[in-house]
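Here's what TrEMBL has on this protein:
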TRANSMEM  7-23  transmembrane segment
TRANSMEM  35-55  transmembrane segment
TRANSMEM  111-134  transmembrane segment
TRANSMEM  140-169  transmembrane segment
TRANSMEM  190-209  transmembrane segment
DOMAIN    251-399  domain 'Calcineurin-like phosphoesterase'
Amino acid sequence: MNLKLKIAILVIAIIHVTIAIARKSTDGVAHHRLVRLHTMLITSTAMLATSFYIWKRVNFAITKHRTHKSESEISLANNVETESDFAATTLLPSPNPVGNRRLRLLCFQDIAQALMLLFLFLSHIALFFYYILLGPEPNVIAITSLSFIACYAHILIFLIIADIFYYATKLIHHKVSANSVHTYLHENRSFHILLAVILGFLFMFGGLYTTHTDPVVRKASIPMKICVEQWKCVNCSSFGCSYWTIGWKNENRKDYIIAIAGDLADGLVRDFHGAAEPLCNLKAPGGVYFATGNHEYMHGNVTEWFWFLENCNITVLHNQNKHIKVNGQKLCVAGADDLFAVRAHVPGHGMDLFKALSTCDSDSTNILLAHQPNAAKIVLTNPKLSDKVNLILSGHTHGGQMYPFVPIVHIANAFV
């Protein structure tokens, strides 16, 4: 390890320790911003290692693929003895076809490497776009960068899978017995690396296409012990589509209440109030209700969002509930702060399920908005809470937004 690398590691370590100490001595919005900054630095530090891994693999594939191709071209050119003579006699501008092929090879490698470096750079700066170039309309650079980081994650996973297969078969090949599988993987390794990159981009474009289509409204009939007859509720969470689309869909539906179970926005009201204004158009006879998700504490000032929503006549359920009547029958809509609120150290915030359900009667239909499925598990495993709740509305998992992470989503959440 050279001296420059040692100094870089030491500086990074000092920065992380300094921010960690500052986090312990602050609370509220200042604490949240330090946490977010520290998270970005931790992510960026980890990405330095993974980017080096991706670069080595892809660079190997580019040079290996082109080297093999150029060698075959050179061999072919050498076998054709009259090719250069023909070029000279016909006054072609380039009497050395082999040299031309080498020049094309260098151009291809340079362009491919430059594009890969640009891709890695834009992926690294993606998290900064939670704070800059924000507004009602998405910025092209920000959208490109944030799309690339999703592609980056997919490429990383596909490359790791390819390497696992390669080194597993290599171990068997050398330690147990020779096998044709490893021979095939070894001979075509550059192709499989490039295939991982192509798959990463295909998944990214598939995700972009999905976000530009209308949201899918899934209908479900849910049996409950106590149920208000002939009423409908719509649950929205972890918005992956425009607020305008949500508002337009609402105009074409006949829902009695609308529930927003957290993760409304990734930023501050001053940056996104224009984009979020269509939420003010949400209307329902029984009201529109909101409970926080983790992103309200991670990327913005949750209190400002409370003010914004209340000005839009959206009821904020901050460990609270509201009683309404549907066809003469009682309905209690409760909402609890997200589990992440405690970690965010925002004064006055933290999930309190008993407080949220405190005035919900056992003879009414009780609905709880709890952003994370793990909060639902807490309710269901506590008899004092579960006896009071007829329906829990959650979000958080993003509906399998990034397919390679679906197994992790199932492991990390009680329900999906």
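The backbone N, Cα and C atoms fix where each Cβ goes, glycine too.
Unlike curated records, TrEMBL annotations are generated automatically.
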Residues from the same chain, set at least six apart from the ends of the transmembrane segment (35-55), whose C-beta lies under 8 A from its own: 12, 15-16, 19-20, 23, 116-117, 120, 123-124, 127-128, 130, 152, 155-156, 159, 298-299, 343-344
Which of 7-23, 111-134, 190-209 contacts the transmembrane segment (140-169) most, counting Cβ pairs under 8 Å: 190-209
Suppose you look only at the domain 'Calcineurin-like phosphoesterase' (251-399); what would the mean pLDDT be? 86
Over the span of the domain 'Calcineurin-like phosphoesterase' (251-399), count residues by DSSP class, listing helix, strand and coil in order. 50 helix, 31 strand, 68 coil
